[in-house]
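As given in TrEMBL:
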TRANSMEM  6-28  transmembrane segment
TRANSMEM  40-60  transmembrane segment
TRANSMEM  90-111  transmembrane segment
TRANSMEM  123-148  transmembrane segment
TRANSMEM  208-241  transmembrane segment
COILED    257-311  coiled coil
TRANSMEM  333-356  transmembrane segment
TRANSMEM  376-403  transmembrane segment
TRANSMEM  423-448  transmembrane segment
TRANSMEM  476-495  transmembrane segment
Amino acid sequence: MGDFNLALVIVAVVVSVLVLLVSVYLLVNYQHPDDVNQAYFPKLVVVLGLSVAAISILMLPADVANRKACRHAIYNGACNLTLPMKTLWLAVYIADAVLVFFIIPFAMFYYEGDQDKSVAKRLKSALLWVVTSAIVCGLVLGILYALVGKVDFTVRHLSSSVTSFPSSWTGLSSSQPCLTPLTRQCAAYTASASSETTWTMRATFPEYVVALATIVGSVLFSIFGGVGIACLPLGLMFAFIRRPKAVITRSQYIKEATELGKKARELKKAAEALHQEERSGNKGRKWRKNVKAVEKELLLLEDDMKALEEMYPQGEKAETAWALTVLGYLGKLVLGIVGLIVSVAWVAHIIIYLLIDPPLSPFLNEVFIKLDDVWGLLGTAAFAFFCFYLLLAVIAGAMMLGLRLVFITIHPMKWGGTLMNSFLFNVGLILLCSISVIQFCATAFGYYAQATAAQEIFGHTLESLRGIKYLYKYNVFQYAFVGLAIITLFYYAAFGWKKRKQRGRFQLSG
């Protein structure tokens, strides 16, 4: 069958089925009890979104493996029977963009619609919002593509005269690369700056859509990912440091539970007042600010209740529950240490390979190549792990900033307690940032992922698009990523070890 890699096709099909099953498993176990046996359309969107996000991450390792399937071909273009990766990339990312900008917003508008309205009215309202968004997005994309949807490649014209074939090559060296010492007839050596010119061509519209989606995702990725790459491992480690050291007494438990009960009643009154304002149509800026404040306080209250239950386990298996709590915090410490090693490796690789010109070392690229030498898929698996870790960092960063910044809505993901609107929001965030994660990985591991379809799309084309290329030329997103990671590190060093103080009486802002 020549270069046709049957094993790669089988693995791709099996992994796609496994990804779908895992997505369903996550939905079933994370969903809130209130959403059981209802909200089927949002659930379908969640499963589809999670599957597309996971497959898009796994496609870069598959792209590398696909390239290796052509290693016996004289050139990559001669290998016609492997997976059509460029077509698959564009299909997946167009689906990604449609989900992020149209289907997920529609599902969220429908799910969060007034429950007192009929299904038809909720569908009409959600569809109106999405159609309006589609028209605006379509106009913006069309105008931008018509005006600046071009790729500018810098090329150099090289030419050389002919010289006699030498009888010996001993005279050639790094200091003397040319055949004729006197005339130095090497065009690459003697070409002047004036020989450079710009070759302009129009990008395809799908590639341009992917590029703009990547820019939007890169902004979020550099912010959330930069914060998350530090807070993900450090949060686990400091959770171990702040862990309950011993079981509290019954009197302490009753005192703490009474205070939490008062706080819960205050939040219930505040939520009822906001619901009355919503019914009366008074949903202004102050109302949204108060909703954000109630959501934050409710999330902190749930954390306090969980911490109290940990410090005073009850029932016949109280000792077992305490032992599991201790083991759980030990597990967080171990995961935090492993995560810290991965985070440090990521930041060091970005500095060594991307920010320093020329790169000091291929670093992780060489690690993956050596792992491939040990076993064919070991380097690919490690490569996929590092890409997935970035996505986890994005979610961790979004959760941390959501608790501390008033303009970011909190959408917590909790086992057995996640409402569909939070599910949809986080899936949209994952999808949007997954494009940037792939582009970032294709650049950061350019040596390992060379000659792949992903590098062609997210490397040469994206980094040469008119207007956009300067963001990549000057490493804007990489500097922002590393800078925010360092700031977050100092934040945890200063405040991470402190336990959160109990807040006083909660009141809505007037």
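Note: Cβ is positioned from N, Cα and C throughout, glycine not excepted.
It is 376-403 that, among the stretches 6-28, 90-111, 123-148, 376-403, 423-448, forms the most Cβ pairs under 8 Å with the transmembrane segment (208-241).
Below 8 angstroms of C-beta separation, residues 39, 41-42, 45, 48-49, 52-53, 55-56, 59, 122-123, 125-127, 129-130, 133-134, 137, 206-207, 209-210, 213, 420-421, 424-425, 427-428, 431-432, 434-435, 457 of the same chain, each at least six residues beyond the ends of the transmembrane segment (90-111), sit close to that stretch. Regional average pLDDT for the coiled coil (257-311) in the model is 81. Proximity of the transmembrane segment (476-495) to the transmembrane segment (333-356) is established through 3 or more Cβ-Cβ distances under 8 Å for residue pairs spaced 6 or more apart. Residues of the same chain lying 6 or more positions beyond the ends of the transmembrane segment (423-448) and with a Cβ under 8 Å from any Cβ of it are 27, 30-31, 42, 45-46, 49-50, 52-53, 56-57, 59-60, 64, 93, 96, 99-100, 104-105, 107-108, 111, 210, 213-214, 216-218, 220-221, 224-225, 349-350, 353-354, 362, 364-366, 368-369, 379, 383, 386-387, 390-391, 394-395, 398, 409, 411, 413, 454-455, 458-459, 462-463, 472, 477. With a threshold of 8 Å between CB atoms, the same-chain residues lying at least 6 positions outside the transmembrane segment (6-28) that come near it are 43, 46-47, 50-51, 54-55, 58, 62, 65-66, 69, 82-83, 423. Sequence-remote contacts of a segment are chain residues at least 6 beyond its ends whose Cβ falls under 8 Å from one of its Cβ atoms, and for the transmembrane segment (40-60) they are 15-16, 19-20, 22-24, 26-27, 31, 85, 88-89, 92-93, 95-96, 99, 103-104, 107-108, 110-111, 383-384, 387-388, 391, 420-421, 423-424, 427-428, 430-431, 434-435, 437-438, 441-442, 449, 452, 454.
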